[in-house]
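Report on the structure given below.
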Amino acid sequence: MTGNKKIAVIGAGTMGTGLALNLAIFEYEVILIDADPQALQRAEAKIPGDLRLFRMMNSEKKWPTSAELLARIVFTTEYKELEDVRIVIENIPEDWNKKEALYRNIRGVFDPETLFAINTSCIAITRAAACFHRPQNVIGTHFMNPVPLKNFVEVITGYHTSEHTVNTIKTFLASFGKKCVVVKDYPGFVSNRLSHLFMNEAAFLLQDQVASPRDIDLIFTEGYGHAMGPLATADLIGLDTVVNSLEILCNSYQDPKFRCCPLLVKMVQAGMLGRKTGQGFFKYT
Ligand SMILES: NC(=O)c1ccc[n+]([C@@H]2O[C@H](COP(=O)([O-])OP(=O)(O)OC[C@H]3O[C@@H](n4cnc5c(N)ncnc54)[C@H](O)[C@@H]3O)[C@@H](O)[C@H]2O)c1
């Protein structure tokens, strides 16, 4: 498979669409797979707008045109497209039952040499790797959102992840400008074990009416100098993903410090998922 520039991205939501766009900018041939044809249509429609935005943010760089980018991405619902890809990066929702069903369904489709990278917020890589025939080829790649603008990835090694897999993934990430740290496998890794405590407690502060969403976030942005406050971060991630991740952390560690704030659950039930629905803790037009 040497020289093969074909990468599969499964899940065309927030992360998968950003990742497909980022890989296409770096001239990878991308197979973007989603179970929902409408999600693929939304991804295809979103990419030109995102590209315009990046062009405005960095006008010095030579960008491909929308047509060139879209020509590098195959939008499909067909898993048979996985047959000859070098690396698969899975980005479906943070729901163990959905991920497990997908892994068992597709594990026989791709080549034995293909590496399988899991973009998860909290799910243990060792648990996920147990669903595959070759757990040594499975690794966690926790990309940051929005993927094309965040040049950093938290890489997670499962119990069986081989050194070859780690080195290949590091080289692959570097090939499209990503730096990384490699951490060991426990649910939530480093990033989300910490950040979800912040986001959850910020929701409790709001529920207790201690301060407004704006003021809670200002303490982080103006006070601590963070680029974003915890509530704006939760909106960016998607409140459904945050709730799912907290449930995984709570169940995995059996530790009530990760119990999900009821206000977060209520907002998800009300369809206020953050940026992706236009309304979360803040409003987006
Ligand atoms: N949103 C973030 O900021 C963020 C950051 C890092 C990691 N993650 C992780 O990335 C993963 C994806 O998150 P997201 O925010 O992009 O989710 P999302 O809900 O925006 O998108 C998920 C996509 O997967 C599709 N899907 C569902 N089941 C499928 C299946 N069986 N086969 C193919 N496609 C399927 C859905 O139709 C949807 O388009 C999650 O595990 C999440 O925890 C998210």
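Cβ atoms are placed via backbone N, Cα and C, with glycine included.
Around the Cβ of MET15 (NAD(+) binding site), a 10 Å sphere holds 26 further Cβ atoms from the protein chains shown. Per TrEMBL, NAD(+) binding site is recorded for GLY11, ALA12, GLY13, THR14, MET15, GLY16, ASP34, GLU94, LYS99, SER121, ASN145, LYS276.
The domain '3-hydroxyacyl-CoA dehydrogenase NAD binding' annotation in TrEMBL covers 6-185.
The feature domain '3-hydroxyacyl-CoA dehydrogenase C-terminal' is assigned by TrEMBL to 188-284.
Cβ-based neighbour count (10 Å, all protein chains) for HIS142 (site 'Important for catalytic activity') stands at 25. Taken from TrEMBL, the feature site 'Important for catalytic activity' covers HIS142.
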Report task. Between any two of GLY11, ALA12, GLY13, THR14, MET15, GLY16, ASP34, GLU94, LYS99, SER121, ASN145, LYS276, the residues recorded as binding NAD(+), what is the biggest Cα to Cα distance in Å? Result -> 21
Report summary line: Cα-Cα, LYS99 (NAD(+) binding site) versus HIS142 (site 'Important for catalytic activity'), nearest Å, comes out at 15
Report task. Rounded to the nearest Å, what's the C-alpha distance separating GLY13 (NAD(+) binding site) and HIS142 (site 'Important for catalytic activity')? Just drop the number here, would you? Result -> 15
